[in-house]
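What TrEMBL records for this protein:
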BINDING   A:HIS258, A:HIS262, A:GLU288  Zn(2+) binding site
ACT_SITE  A:GLU259  active site, proton donor/acceptor
There are 2 protein chains.
Amino acid sequence: MANDRAYDDLMAFQRETEALAQISGRLGWDQETMMPRGAAEQRGEEMSAIEGVLHARRTDPRIAEWLDRAKPADAVAQAQLRHIRRSYNRMTKVPAALAQEIARVTSVAQGIWAEARAANDVAAFLPTLADVIRLRREEAAALAQGGDLYDALVDDYEPGATAASIGAIFDRMRPRLVALRAAVLASPHQPAALDGSFGADAQLRLTRDLASAFGYDWSRGRLDIAVHPFSSGSGNDVRITTRVAESDPFNCFYSTIHEVGHAAYEQGIDPDYRLTPLGQGVSMGVHESQSRIYENQLGRSRAFTGWLFGQMQERFGAFGISSPEEFYRTVNRVQPGYIRTEADEVQYNLHIMMRFDLERALIKGDLAVQDLEAAWNDRFLADFGVAVDRPSNGMLQDVHWSVGLFGYFPTYALGNVFAGCLLKALKADVPDLDARLAQGDASPATGWLREKLQRHGGLRLPVETITQACGFAPDEGPLLDYLEAKFGEIYRL
Amino acid sequence: MANDRAYDDLMAFQRETEALAQISGRLGWDQETMMPRGAAEQRGEEMSAIEGVLHARRTDPRIAEWLDRAKPADAVAQAQLRHIRRSYNRMTKVPAALAQEIARVTSVAQGIWAEARAANDVAAFLPTLADVIRLRREEAAALAQGGDLYDALVDDYEPGATAASIGAIFDRMRPRLVALRAAVLASPHQPAALDGSFGADAQLRLTRDLASAFGYDWSRGRLDIAVHPFSSGSGNDVRITTRVAESDPFNCFYSTIHEVGHAAYEQGIDPDYRLTPLGQGVSMGVHESQSRIYENQLGRSRAFTGWLFGQMQERFGAFGISSPEEFYRTVNRVQPGYIRTEADEVQYNLHIMMRFDLERALIKGDLAVQDLEAAWNDRFLADFGVAVDRPSNGMLQDVHWSVGLFGYFPTYALGNVFAGCLLKALKADVPDLDARLAQGDASPATGWLREKLQRHGGLRLPVETITQACGFAPDEGPLLDYLEAKFGEIYRL
């Protein structure tokens, strides 16, 4: 009985912590969607207060006692304890003073980065970047306890993944993607660009229908506008955001579908796991697999874009593209560009691999911050065949490093790799997938993903989650085969 | 130095508590404006978790130690300590088990009340009401420690006020208000009703301009729609809500102005008090004085309604009322009615006095819950000259008692009394008030209120706050003089 009580006490304590974490997340949502601008400073204090409460709870010494005494009754309880133990170990290994210093420095660093990017002034950012790297290396050393520093950082976002395992996948992907990119851009069969102006209100109405088509549960969420779209929350309150530009409706539509992928994962988790460690997506990579398969493999498929074409004609009138096939090619148009967040399916992973190699070298100490710009520009020229014209199009383009997110980038590409595997398994299991997508109905895909993957939340490790869903261990093969087939056809390679 | 540190430590701890309380308030705002309906149950757990954190902080034994050792350096520090001591004493006097039981019972009671009201079934509500009263009496006994139970409850909302002091004011008000009401309703000079349909979007645009006219700071707030309008938050994030019905634009406009009154108070408090005990309105009564003077004494004045008439003509076209004078009379129309929240300036306080007498008798034990309906209906007939036709128009109309709010009602009427005093002082100090209101400019009033009252937040006790602002101690005289003059003229008595 003593054992039973320890597990129950721990889970009751944890449940309150999860509820407080949801509150913190909702404050973040509010900040990006609703908060009046004059509230920023006060909000900083509010966030700091709730983060203080969460930190105290997550490092509460009673957790160690409960973990010692708790005996899990089943596999679910085992998984709960695994998450709690993992979190507790990570939180307590890092000295409080270091954690505070990282929080302080990175909160200032983001502003310095933003100014440096606006001014295209690399030198103004480098001292701060060096500080951030130094602190994250210290943190990694505390976590790794003799092991690889970068692995310790990656593990926070993608439990079980290592630089070596990711590097092996990326090394196999890179040559095929470089070749595909070059062939696509050299093809004489370039799709037309989308041209024209598309009313914001009509875009938002259509984007709500897209969310519905992909199974977003409006009774447990809502859609708002944000500068950088995101999804937020777990369980029964999972909110999404999008953005609207009249010249670029695809941005609105595919941002929405992407965030619906994240949200569908959270909304799809077994309700029994709500407000427990299992009640959230298991890793950034698995999360990204959901957003990516919704956005790309499904949302940018010939079948679904055929339906979308009809919807756009109906709602916006003729807009210069005359057939579903032409529209499909336009949606999947590959264009040279510097910016990761604007990259298409072919080029996106090349951006990630570059950041992965550079940040690994920065953390290892093989690359000094003053050499980063040159290393970035050399690599960009090698992979993309273009010289970077200014730092805001180069090493200053992403916020991640300024806020200390090292080890995070590779999860984006892992998500694409996982999505490739999931599509292969989904197509084998659901033969009428395309027929249904062509009617604007993604529910067979959402249903399959929910059953095979989403409902399990954090029950299994990330790679095991994908393996169980697909029936095979994930690798880069299905994604590359899919990309070469899809873009080979579009560009008549 | 030891003393100095105790005060600083206490204030640092308190500041985090205030920040967490702001978060809890913002969750409440989210629940009424943004939350998807499916999130209600999860939100309950989230609210419970943050309330648990707040309760633990507010009863933290370190507060007693700090209070023992802290020596205030000035009047501001003295006031801070007074608030903290008061809160700590109240929180620790009530046994935790009782506080939890009250929270549990009242959260269920609200639903039972709502169902009873919908079904006009008094009997279904009485057992629950009896429980709530029993628990609140227990709480009051713990707080009063031998003193008057009802006083202990009132003191939570209106520090320093007692049943006797309020009762004395109300006893003087009642005969004059009963007489005024009877004379107004018997007058042959009845104003016309507002008729027609007023587009919701145009109402919302105009209501935003009304908020601006009364000095609402949009950079530190926002306006949304809620079923029951409210304002929420302190310092730099003070949000307001309103509602829109196309048949009743005055509801939208005057709800907004009312909430702007509350919000202007919060926004107007000295920024140095932000996230401290002084950084909020000092009592419910003083808060209500601000919402009422904005809504009624200013917003329903002849001067301001003259401007509003022009705005409505401009935005909605002709709407059947042809002169500013006729419009002024329509805005201030007195109609028989059962419902407190729909009552005009003449009848509103009569509703409050009735609730005050009834709830005082309930808490004292002089009135049993099974006799409440008869007592309500008798009193309503006596003061309003009308028999209550059904419980939803009678004792079941208000949510307050179901959630345990005994001692709260009188603060609404105290707010009106205070507003009457403030108007008298304001008019003496600002001779061109009406000339400016006639141009849709309430800034002289807002400026005067900010300087004389709002900026001080919780620095002084409620009555002292009003006395300092007015230059005289508040009583019911100015309000009654104002009401008799205003409605005597409108109804040509």
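Every residue, even glycine, has its Cβ placed from backbone N, Cα and C.
Distribution of TrEMBL features across the structure.
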residue	record	Cβ within 10 Å
A:HIS258	Zn(2+) binding site	23
A:GLU259	active site, proton donor/acceptor	27
A:HIS262	Zn(2+) binding site	23
A:GLU288	Zn(2+) binding site	26
From the centroid of the CB atoms of A:HIS258, A:HIS262, A:GLU288, the recorded Zn(2+) site, which same-chain residues not already listed sit within 8 A by their CB, in sequence order?
A:SER231, A:GLU259, A:GLY261, A:HIS287, A:GLN290, A:SER291, A:ARG292, A:TYR294, A:GLU295, A:GLY415
At the Cα level, what's the spacing in Å between A:GLU288 (Zn(2+) binding site) and A:GLU259 (active site, proton donor/acceptor), rounded?
10
Under a three-state reading of DSSP, tell me whether the residue listed as 'active site, proton donor/acceptor' is helix, strand or coil.
helix
